[in-house]
Amino acid sequence: MDGHPSPRSHHQPPPPERDGSFNYDIESMDGGGSGGAWRGRYESSEALLRYDDEASGGPRQPLLRKRTMNTTSQIAIVGANVCPIESLDYEIVENDLFKQDWRSRKKKQIFQYIVLKWALVLLIGMLTGIVGFFNNLAVENIAGLKLLLTSDLMLKQRYFTAFLAYGGCNLVLATTAAAICAYIAPAAAGSGIPEVKAYLNGVDAYSILAPSTLFVKIFGSILGVSAGFVLGKEGPMVHTGACIANLLGQGGSRKYHLTWNWLRYFKNDRDRRDLITCGSAAGVAAAFRAPVGGVLFALEEAASWWRSALLWRTFFTTAVVAVVLRGLIEFCRSGKCGLFGQGGLIMFDLSSTIPTYTAQDVVAIIVLGIIGGVFGGLFNFLLDRILRAYSIINERGPPFKILLTMIISIITSACSYGLPWLAPCTPCPADAAEECPTIGRSGNFKNFQCPPGHYNGLASLFFNTNDDAIRNLFSSGTEKEFHMSTLFVFFTAIYCLGLVTYGIAVPSGLFIPVILAGATYGRIVGTLLGPISDLDPGLFALLGAASFLGGTMRMTVSVCVILLELTNDLHMLPLVMLVLLISKTIADSFNKGVYDQIVVMKGLPFMEAHAEPFMRNLVAGDVVSGPLITFSGVEKVGNIVHALRITGHNGFPVVDEPPVSEAPELVGLVLRSHLLVLLKGRSFMKEKVKTSGSFVLRRFGAFDFAKPGSGKGLKIEDLDLTDEELDMYVDLHPITNTSPYTVVETMSLAKAAVLFRALGLRHLLVVPKTPGRPPIVGILTRHDFMHEHIHGLFPNLGKSH
């Protein structure tokens, strides 16, 4: 090998020793050996990675009870599934193939790309709108039939049989939802918003947006909501929209024989990121029928990178969703959709109430905002603890996931059916705007066990779909409809059931439980402050929902617009803004937003837009570690195959050395996927000489090296090379990215982290400050900026903060 072994190992100074702990390395899928090592601490092989945020500055550990010795990747929890994760690469690989393709691209191809991009966002909007409508249609009919059956039995005074029918239906629906989730797509559990948020930040795992996840997300959400759980279908719709966008953007699914070669333009992470951002916005628009709110949700909560062109495409996507929903809802007004409700795009219309508010009302709103912040912070704290307890159960396997879901279903059915028996029967108001009592359909006045002419207020909230319960709480002109005791019981039950339901293996959203609980205590506050405030209790319910959303999710602009679009009540804009700002400010003093908290718990390496303060005390060279594996510009095939087999790295520096260059010189970075394609094409030479690259340029096109869809890429096991071929050479110059982003080793880690995040990088090369050394010190990857990794290297760092 001409006097120098390759691959070469440039060893870095060892990191500081950690006393009393066992050190281990988990090599990142992203690194080239340096900086790709993940260091942690085990006190024993079965130790529990605890979650602590002590005053000593200890890092928050992810929700993984046991890390196995994995030499290829990082792992994290996706849904309820522990799986390996990689980073996405938004950097443009400027190699000879890319430059040739860019120069040869004609106006026709550019026009075709633009048209296809708009056609895809149109399809995403249409499909997401159809799925959102289908979800609503299915839930209304399944839940409606279940409630009708129970009501018929109760009218015959067969109360125990009615409970068995109600609880039995709920149990069957819940068990089916948990079974398909646990066995087909564990990644579909939960809302999916933390996973989509992490994906748009640059974190990838095969199962996040897989077709099987999409299937389970749709049907599991329908079954879970129909089963009477205190959860919503709105969060899962965000994940559903992202899955639809991913399926279209990657050219379909080869596994399921759904592929389209004409989508080859989108075989890169940058375009898929844009499409999935549009999909997440479409999901919110379809769930809440709030197109502008969907755009703002994607901007405020989901996306990590944004630009004006993406705003325009996202807005177009959500507009398509609104048009599709409008058309389908109009079709259902003729009564052809079974028990589907008569509501239009405005789900909870409050426009008939025109509020005029005074200084006393503003004081009441401030009180509501403070309550929302306190309750929101407490909700996030308790949810964190409950999810950690559930993880111990869920990791024991699918049967335990299903058993936990069944237990929560039985508890929910017992509360929904049993608690209304504690409520008194109330005479129907003489001036009721609708039929009282309500028999055999949704409405404000549920008869339940009451005599004719009376209704049960608690049953009107419990014995409805969640959407109808919210509609009842938001209803105006109903000051005396609900007793104070009824509202207290309902709030306590919904708050607790919302907490214990979220962690089960069923697609579940947090929006609806939070809106329900917030609307309930908002109505309580409105009733208590009735003597000093002229606002309707229904408006207080809306403001209570806003305060709790601000306290749990910490979103402001998007939640404000979503609520206004939901209720068609623009007059409430100043009050909604005020209550959101107060509740978010109060809750931020306790903990993070619920989705940010769950991202950390799941172990997803999310990069914030700002660097941690302790990073200013370190430089880039402090966190890279060896050995670093590099290739020559013209490398022996056997050396490349050996390096690919013994590591899981996705990037390798390419270094030219004499006699090819006068001194060791960094050529650039070559990706693992590109090496595999090159080796598969067998473009080998018998002599170690640098070529013009024309043979590779004739043999391959730029699309041959495009990123395939999930799970479709070449693997080293797919190569079948002879011993003769392993002794040959291959020129890596044509496929090497000759302009990778580099930083000098003395750059502060904080500055490097901001650069890495802003540019959406997967690899950041660290070069030496002084001459006469190897031309590359190491590679920084996403994991090297993670809190727990840095504190594993430097345990005493940040104790003064």
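Even glycines carry a Cβ here, placed using N, Cα and C.
Caution: TrEMBL annotation is automatic and unverified by curators.
Fair warning: this is a prediction, and the values are worked out from it, not measured in the lab.
Taken from TrEMBL, the feature region 'Disordered' covers 1-39.
The transmembrane segment annotation in TrEMBL covers 110-131 (among others).
Remote same-chain residues near the transmembrane segment (162-185) are listed as 79-81, 142, 146, 149-151, 153-154, 207, 210, 212-213, 215-217, 219-220, 223-224, 226-229, 398, 401-402, 405-406, 408-410, 412-414, 416-417, 504-507 (criterion: CB distance under 8 Å, separation of at least six residues from the stretch ends). Annotated transmembrane segment per TrEMBL: 162-185 (among others), in sequence order.
Look at TrEMBL and you will find 205-231 (among others) tagged as transmembrane segment.
Residues 120-121, 124-125, 128-129, 131-133, 196, 199-200, 209, 232-234, 237-246, 248-249, 266, 306, 310-311, 313-315, 317-322, 325, 345-347, 509, 511, 555, 557-559, 561-562, 565-566 of the same chain lie 6+ residues outside the transmembrane segment (275-299) yet bring a C-beta within less than 8 angstroms of a C-beta in it. According to TrEMBL, the transmembrane segment annotation covers 275-299 (among others).
Summarising the annotation, TrEMBL assigns transmembrane segment to 305-325 (among others).
The transmembrane segment annotation in TrEMBL covers 363-383 (among others).
If you look up TrEMBL, you'll see 482-504 (among others) marked as transmembrane segment.
If one looks beyond the transmembrane segment (510-532) by at least 6 residues along the same chain, the residues whose Cβ comes under 8 Å of a Cβ in the stretch are 191, 230-235, 287-288, 360, 363-364, 367-368, 371-372, 375, 379, 461, 466-467, 469-470, 473-474, 479, 482, 484, 487-488, 490-491, 494-495, 497-498, 501-502, 538-549, 552-553, 594. Annotated transmembrane segment per TrEMBL: 510-532 (among others), in sequence order.
Annotation comment: TrEMBL describes 539-564 (among others) as transmembrane segment. Away from its own ends, the transmembrane segment (539-564) comes close to residues 284, 288, 290, 292-293, 296-297, 299-301, 350, 353, 355, 364-365, 368-369, 371-377, 379-380, 470, 473-474, 476, 510-511, 514-527, 529, 533, 570, 572-573, 575-577, 579-584, 586-588, 592-596 of its chain (Cβ-Cβ under 8 Å, at least six residues beyond either end).
Summarising the annotation, TrEMBL assigns domain 'CBS' to 735-796.
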Tertiary contacts of the transmembrane segment (482-504), defined by C-beta under 8 angstroms and 6+ residue spacing from its ends, are 178, 189-191, 229-231, 375, 379, 382-383, 386-387, 390-391, 394, 401, 404-405, 408, 411-412, 415, 419, 422-424, 426, 457-458, 460-462, 510, 513-514, 516-517, 520-521, 523-524, 527-528
Long-range neighbours of the transmembrane segment (363-383), counting only residues six or more past its ends (CB under 8 A): 495, 498-499, 502-503, 514, 517-518, 521-522, 525-526, 529, 532-533, 535, 540, 543-544, 546-548, 550-552, 575, 578-587, 589-594, 597
Under an 8 Å Cβ to Cβ limit, what residues of the same chain, 6 or more beyond the ends of the transmembrane segment (305-325), are close to it? 90, 117-118, 121-122, 124-126, 128-130, 132-133, 200, 273-274, 277-279, 281-282, 284-286, 289, 291-292, 294-295, 298-299, 345, 760
Go through the chain and flag residues at least 6 beyond the ends of the transmembrane segment (110-131) whose CB is under 8 A from any CB in it; none is fine as an answer. 218, 237, 240-241, 244-245, 248-249, 262-263, 265-266, 271, 274-275, 278-279, 282-283, 285-286, 313-314, 316-325, 328
Let's see if you can do this one: DSSP helix, strand and coil counts over the domain 'CBS' (735-796), in that order. 23 helix, 12 strand, 27 coil
